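Student: One structure is given below, represented as structure tokens, and several questions about it will come after.
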Amino acid sequence: MTDTVYVLNGPNLNLLGLREPEIYGSDTLDDIAAMLEDRARELGLAIDMRQTNHEGMLVDWLHEAQAEGARAVLLNPAAYTHTSIALLDAVRAIRTPVIEVHLSDPATREPFRHQSYVGMAAARTVKGLGARSYLVALDAVAEL
Ligand code: DQA
């Protein structure tokens, strides 16, 4: 196993900072990557941060995380959280632990966000803390 933690981000998260800042905050994904890298250094971990707008790419990266011996995956599947059985199956298919991450708390938003397929298989879920959700999730990797 390596010390690398994959941080995989789904659709529309490339627009973080501009996108509905009242819900998601003003930090960009690059800002979050920089925060994670600082924290990872303290924890003796390394970060591999990625974003895609494509569901199958997330599936491929989950498979890759296992093949490359990643320590864990932090996964913000964005809207695919609520729709994707393919992502649920991928999380179940790999032995690499996956922590589900959300900036907002989907359970307090529209009813269609209350269901999380990924959450059915994730080792744990960190949500509702804005950018800090990612940092808390990274700290949790050390406890897995
Ligand atoms: C999100 C919550 C999802 O419901 C939404 O579709 C997103 C972002 C979050 O981080 O709060 O795109 O995953």
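Each residue's number is its place along the chain shown, starting with 1.
In case you wondered, yes, glycine gets a Cβ from its N, Cα and C as well.
Marked as active site, proton acceptor by TrEMBL: Tyr24. The active site, proton donor annotation in TrEMBL covers His102. According to TrEMBL, the substrate binding site annotation covers Asn76, His82, Asp89, Leu103, Ser104, Arg113. The feature site 'Transition state stabilizer' is assigned by TrEMBL to Arg19.
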Student: I'd like to know which of the recorded positions Arg19, Tyr24, His102 sit within 10 A of Asn76 (substrate binding site) at the Cα level.
Tutor: His102
Student: Should we count any of the recorded positions Asn76, Asp89, His102, Leu103, Ser104, Arg113 as near ligand 1, judged by a CB under 6 A from one of its atoms, and which?
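Tutor: Among the recorded positions listed, those whose Cβ sits under 6 Å from ligand 1 are Asn76, His102, Leu103, Ser104, Arg113.
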Student: Comparing the binding-site residues Asn76, Ser104, which residue's C-beta has the most other C-beta atoms within 10 angstroms in this structure?
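Tutor: Result of the Cβ crowding comparison: Asn76.
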Student: Look up Asn76 (substrate binding site) in the DSSP assignment and reduce it to helix, strand or coil.
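Tutor: Strand, per DSSP.
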Student: Would you count the other C-beta atoms found within 10 angstroms of the C-beta of Arg19 (site 'Transition state stabilizer') for me?
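Tutor: 13, counting other Cβ atoms within 10 Å of Arg19 (site 'Transition state stabilizer').
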Student: Through the lens of DSSP with three states only, how would you label His102 (active site, proton donor)?
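Tutor: Assignment for His102 (active site, proton donor) reads strand.
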